Amino acid sequence: MIQHFGPKTMSWVLNLFNNCVTTCRIPNGWRKTKVVALLKPGKDPKVPKSYRPISLLCILYKLYERMIMAPMSLTVEENLTPDQAGFRPGRSTCGQLLNLTQYIEDGFDEKQITGTVFVDLTAAYDTVNHKILLLKVAKMIKNKKIVSIIQTLLENRRFFLEMDGRKSRWRLQRNGLPQGSVLAPTLFNIYTNDQPEFDRTRRFIYADDLCLATQSASFNVIETRLTDALSSLINYNTENSLNANPSKTQVCAFHLNNHQANIKLEIIWNDQPLKYDEHPVYLGVTLDRTLSFSQHAMNVKAKVAARNSLLRMLANSNWGADPKTLRTTALALSYSTAEYSSAVWARSCHAKKVDAELNNACRIVTGQLRPTPLPLLYRTAGIAQPDIRRQTHESTEKHKQETDLRHPLFDHSYPRARLKSRKSFRTVESVQPDQAASHRLEL
């Protein structure tokens, strides 16, 4: 919409933004927020905590936030801890997952057990204390003008909730950051940038998702280190108005010793024993003790099958969408789900479980029957075969790891590979253009 503004409108908007910066004031309409509650996957719709509040903000306000973000982004990026990967340029969920799984793989090579705690925070964005946040912003940015502008954006905000066609009354927002704001992720990174560091315990942070990991040959040593780290975290959360949720915090141990497969880490946090989960989920990927990704492949297969059902509803010889539209829809629905962070788990022997549903997606797009040879099927659809696409993702991630200073594994020193059967994305070769991908047919 903004791209279609005429010269006079653009000049008026620019003058408005300049006036807001000069006076440190904003229109009252920008302080009003419409909140829409979205049900979290697999949650009970009758429980209020099962919903995620999404703030719908004024478009000009979000553009103004981007303008404020520009001069402070470089300073913030230089001062953020390298353990934080959330909402930063050059960082991604895939890179953070590779960082964690490579740490675990290094432990496998050194015959070490990797103990992890996946910390859960209750409504992390909604409990941010504005006074503490402004102090931390001022300490990091050291620009009084920007701090004053951010204070203006946070104060006197009002919101109402709309759900099932019904609206709540207006309420004053005293704490928290609106989910949907441009500045909110960066401000939350600043707010949690001073989380405590621990001796011989690593942190893997992505926004409000925190994983604590340590390695040792003894389960008792791991339990002691993680318990000490969580004790320090309790004090930090209390001082910063963050509410930890021990009931949803998960514990898991990664190792290749099958004789110790039934041993579980016993960790108590805030007088509550933490749940041991053999298949913890971190950033959307299901992990397991040996990093076989068997459970993750089964979960992805089920998700792709459900999306194929939607795709099948669009395909009909009489009234359905045309093949090109179906192909685009399949890539957006089925393939995006099947290839999320595929560089992490592509070398697993269980990755082929997902291929069966991707084959079905291509059959829906092309109208081909099951006896059709797979090379011909994918050549007709104009899509490379799943193993080629995963190999391409691995090659892309390897290139980032070797050339991008911001990648968490850049210049990582890898131990001597003791286990020849363990394959990393670093061993992938350069992908040559595949004939099935290059020789596309007009559908």
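Quick reminder: no glycine exception, Cβ is built from N, Cα and C everywhere.
The annotation domain 'Reverse transcriptase' is assigned in TrEMBL to 19-287.
Using DSSP to sort the residues of the region 'Disordered' (390-410) gives these counts of helix, strand and coil: 14 helix, 0 strand, 7 coil. Per TrEMBL, region 'Disordered' is recorded for 390-410 (among others).
Residues or ranges marked as region 'Disordered' in TrEMBL: 424-443 (among others).
Computed over the domain 'Reverse transcriptase' (19-287), the whole-number mean pLDDT of the model equals 94. Long-range neighbours of the region 'Disordered' (390-410) within the same chain, counting only residues 6 or more positions beyond its ends whose Cβ lies under 8 Å from a Cβ of the stretch, are 82, 85, 88-91, 94-96, 98-99, 102, 339, 342-343, 346-347, 351, 384, 425-426, 428-431.
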